[in-house]
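For 126-176, the entry in TrEMBL reads domain 'Inner membrane component'. The domain 'Sodium/calcium exchanger membrane region' annotation in TrEMBL covers 360-478, 574-716. Residues or ranges marked as transmembrane segment in TrEMBL: 123-146, 244-270, 328-347, 359-376, 429-451, 463-483, 529-549, 574-596, 608-632, 644-665, 671-692, 699-719.
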Amino acid sequence: MQIQPERLFVGPHHPDVGALATPSPDGSVHHFCQFTPKCLLAVSRGTHGNSPLRHGEEGWHDGTLRTTIRVDNEVEAHREANNYKFGFRKWKGNVTEKPIEDRSDIDKELHTDLSIVKNTEGLFFVGNIVYVFLFGWWISLIYLLICPVMFLTVFGVPYGKVCLKLAWYIIWPFGKSVQRACHLVDMSAVKPTNCDIVPQEHKDLVGDKDCAPLLVSSPLPIKIPVPTLPPRKTRKHWCRVSTFLWLLLGYPVLAVVHCLAFVLSWLPVFTIPIAKMNSRILTTVLLMAPEDIEIHSVDKKDACETRVVLYCYQAFNVYYYKYTVQGINIFALNLLPLVFVTVIAGYTDREHEYFSTETMFTIAIVSIIPLSYYIGMGIASISAQSNFAVGAVVNATFGSITEMTFYITALLRGHRAGSNCYEEIVKSALAGTLIGCILFIPGICMTIGGIKHSEQRFNSRSAGVSSALLFISIGGVFAPTLFSKTFGNLVCESCSSTPGNGTVPFTCKDCHYETVADPHLILSHIEPLVYTISVLLPASYLIGLIFTLKTHAHIYDIHVSDSHPVVHWSRWRALAVLIFATVLMASCADLCTVNIEPILSHSSISQYFIGVSVLAMVPELPEIVNGIQFALQNNISLSLEVGNCIAVQVCMIQIPLLVLFNAFYDVGFMLVFSDIHLWASIFSVILVNYIFMDGKCDYFQGTALVVVYFIILAVYFFAPSPRSC
């Protein structure tokens, strides 16, 4: 029996995946997957040979050599291609501005300016009711208090009436529109006529009765008469006495009120519609002529999409976590003032008169989160607008700058204080980053992605390469530790003899392999081994980059639309952001190390746990969010690569850089880890390699990885503090 050719099916099971059909010169059609790391195929086979797949069943085609990416412009094509390259940080957000007409309905709704009247089913949402109790009543009350003041001035009576109207509007603004009196149009009078305009091609089809279609699928344009608006009259209300009284007595008070309401509703993110409404009232409505302000309730039957001055129908929108300003995520934008507060307060309040040590440490570590985001966006912007070599250099340098600033400042602080506790904290943060990137990031992505998509598939061969690379990295990093345990001296403390027991003469506690006491072993054996590994690991990283550039150049098949990109950040602007964010990052890292000392000295929590959990994973929160977004779009391959990329950079770039820094400026850093770091890291790599074997995952496997991660955290939490602390 003849085997049918393999065909590509992109069906409703994957709504985020589209298909691009391009005719070839021979008349055949080639199908490409869009926005997927590997083409997702449903293979239709005969009964001969392998067992057939059912129609619509999804599988990974081993013969697929190209990853086809459909993007809007060339800059986004570079960004998408960089996500699949070795050593490049993965970035989900766009680096160019997408035209509003090409965005989704949710995105259009988020970026509306509240000037479009829309037909909504209902207005009594929970968020709208909460608005009345949180904002509506007290803003309306202030309007009612200003109203008699304007009436008492006699000349300000028109603005007193405006305050009265706005007081009733603000207490429940939903479903009401603020319009200019000269622009009011009776929409109920606008009725479509029965005169339909049929295009010429349809006339030709209708003329030929034999070939005339029964149904015409294309829309027919309808001519709807719209009444001509009267010419707008120029108002000279700025020269009136009432306007001066309003700007003197009423507007300043309301400006403070609306600014306060704007800030209070902007910071929680999900209540940004309230912030937009307050902004529009302050900047537009309150500056209009009193006779121009008209407030009307929108009739649901007659409501259509018309433009007005202000229309708001909801106070809460859960999708505002996607909101961006100039390409910057709203959470990163809202956390930016905290960075400046941290730096100013940290270096001016050194005696902790206003902020305690714990408070300063907390806000300093939280300030690292938005800075990590800005550094990541700067790296993605420069890499997308540059060639491969520049992108690789930027990723290798600035990609590790977040962690390196903290590690170096902590080692310098410990060297000045003469304490080895900071070295243990740095090693705990390194091990915690490895364990979190190997277990937690893939686990949480598989869990959240598996809830939306019952089963997600990825290329098991690619995952196997990543797992093998992790084995090499972990083996190289922990080789000096294994060497010291093999050739070091076993030292036991708190030894005591047991009277009357000749078989066990001594009972000892806290036995460990000591290398510091043997300078010959360190200088002659361990240090040369560390330097050798510090050369081999970056060399492996460089080989991976060359491998991606040369050998894998045929993997990517990018389809670019004919649109002109408008980048959010140019290369010079992105470079300036990178430098400025790096300076702020160094300041926040310094404040972390300064304020962590009392916590290390007086806290009952193990120092191992502080380094492995807080110091390791907080700077990686933007990367975790990127991985989750990839998983929600059924692109689990990139979600898994997010953690692998960070782990590889820790082993192949960050640790060799710390060794190099210690070689030029001796801060006492030695690449020998504690037993708990060694076994936890090795166990994590073995477990994740077992999970990735079959090339598919679900939320159960992701939950298993997350549970194991928390078990390891519990071990660190209850572990005794390091001897040096």
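The backbone N, Cα and C atoms fix where each Cβ goes, glycine too.
Any TrEMBL annotation is an automated prediction that lacks curation.
By number of Cβ pairs under 8 Å, the transmembrane segment (244-270) is matched best by 328-347 from the list 328-347, 359-376, 429-451, 529-549, 644-665. Long-range Cβ contacts of the transmembrane segment (429-451) within its own chain (Cβ-Cβ under 8 Å, at least 6 residues beyond either end) map to 403, 406-407, 470, 474, 611-613, 615-617, 620, 623-624, 627-628, 630-632, 634, 636, 639-640, 642-644, 646-647, 650-651, 654-655, 673, 677, 680-681, 684-685, 687-688, 691, 697-706, 708-709, 712.
Non-local neighbours of the transmembrane segment (359-376) in the same chain are 89, 91, 328-329, 331-333, 335-336, 338-339, 341-343, 345-346, 349, 352, 398, 401-402, 406, 577-578, 581-582, 584-585, 588-589, 591-592, 595-596, 599, 614-615, 618-623, 626; each lies 6+ residues outside the stretch with a CB under 8 Å from one of its CB atoms. Residues of the domain 'Inner membrane component' (126-176) grouped by DSSP class, helix first, strand second and coil last, total 42 helix, 2 strand, 7 coil.
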